Amino acid sequence: MKEVGIVGYGSDLPKYRIKAEEIAKAWGKDAEAIKKGLVVNEKSVPGPDEDSATIAVQAARRALSRSGINPKNIGAVYVGSESHPYAVKPTSGIVAEAVCTSPEVTAADLEFACKAGTAGIQMCMGLVSSGMMDYAMAVGVDTAQGAPGDALEYTAAAGGAAYIIGGKKEELIAKFNGTYSYTTDTPDFWRREHEHYPKHGGRFTGEPAYFRHVLSAAKGMMEKMDTTTKDYDYCVFHQPNGKFYLSAAKQLGFNENQYRYGLLTPYLGNTYSGAVPLGLSNILDHSKTGDRIFVVSYGSGAGSDAFDITVTDRISEVINKAVTTEELLSRKKYIDYAVYLKYRGKIRM
């Protein structure tokens, strides 16, 4: 495979946050027990003028700022999400036009629960490595919803990150050493057409779903690359909550110094398709030349994509060309449960 890698990346988060205590108070629940059980303290909430398209556009523009490339040279735009604003009207077309790509671009909206963004990255890798195009963009983004009173309401959040994939060695911020996927038919989480909120299998979402796929993909990736956890400086996993993330990292043998920058859920919630792309963006913001990163996404239904990535010396040139993920995390305004219901359109007549 021709060498391909990341030439630009960018992230975006809404500024609004709601604390677990605020949600628990509305439902008469024990906030401390919930925070301890989920390892989530607060989550992001999109404003009334924000959706997956607006977040994707902001992230894509920041990725372009870091890349320094002409957007008209981008040959593909893929947006992975399970909360596209329209049932019939592609988010990818909105993003492509907003960042001024040429109309001569292939674009598509992707869905695979929370791993649609990493699936898009794999597609971009294939297109660039084949020589079909010089650059391709993948975005992972969501404005996730949970039914009022459901456990998901404490975690379902909003945010996303964009990645521009290229094959010119001198432009790479980080190169892909390899990728590996693991997929089965596992019904742990679903939502049918016309239903407002998803359903989930409760505890079934753990061992036979999340852990089976994440651990299998992780072990398969390391076997393919002939590596161990000691070969990596950082790691990031899908994070439906902080508890699952920490358990997966520790089961595989990663330590806190390796997994800390990728773990955003305690301060952000689960951004679904944006979770791993955002975690990776925060790692890149803190990386230096030669750092090796281990990445595993997860999407219910179910599947995982794994990546082995090495950071290049260009990283120091681009980090400050756009706002960092950590800066976005610090820009926050807390809202109460009533405002949250209003912003998320949960009051239905």
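Positions of Cβ are set from backbone N, Cα and C atoms, glycine also.
As recorded in Swiss-Prot:
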type	residues	note
ACT_SITE	E82	active site, proton donor/acceptor
ACT_SITE	C114	active site, acyl-thioester intermediate
ACT_SITE	H238	active site, proton donor/acceptor
BINDING	D30, A31, C114, T155, T205, H238, N270, S300	(3S)-3-hydroxy-3-methylglutaryl-CoA binding site
BINDING	R203, K243	CoA binding site
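Local packing around the Cβ, expressed as the count of other Cβ atoms within 10 angstroms, is greatest for E82 among the recorded positions D30, E82. For the binding-site residues T155, N270, counting C-beta atoms within 10 A of each C-beta gives the highest total at N270. Restricting the recorded positions T155, H238, K243 to those with a CA within 10 Å of the CA of C114 (active site, acyl-thioester intermediate) leaves H238, listed by sequence position. Cα distances from N270 ((3S)-3-hydroxy-3-methylglutaryl-CoA binding site) to the recorded positions E82, H238, K243 are smallest for H238.
Non-local neighbourhood of K243 (CoA binding site): G37, L38, V39, each in the same chain, at least six residues away, with C-beta under 8 Å from its C-beta.
A distance of 30 Å separates the Cα atom of E82 (active site, proton donor/acceptor) from that of D30 ((3S)-3-hydroxy-3-methylglutaryl-CoA binding site). Less than 8 angstroms from the CB of H238 (active site, proton donor/acceptor) sit C114, K115, Y210, V214, F244, Y245, A275, V276, V296, S297, Y298, G299, S304, each of them six or more residues away in the same chain. In sequence order, A20, E21, I23, A24, K25 constitute the residues six or more apart from A31 ((3S)-3-hydroxy-3-methylglutaryl-CoA binding site) in its chain with CB-CB distances below 8 Å.
Sorting the recorded positions C114, S300 by the number of other Cβ atoms within 10 Å puts C114 first.
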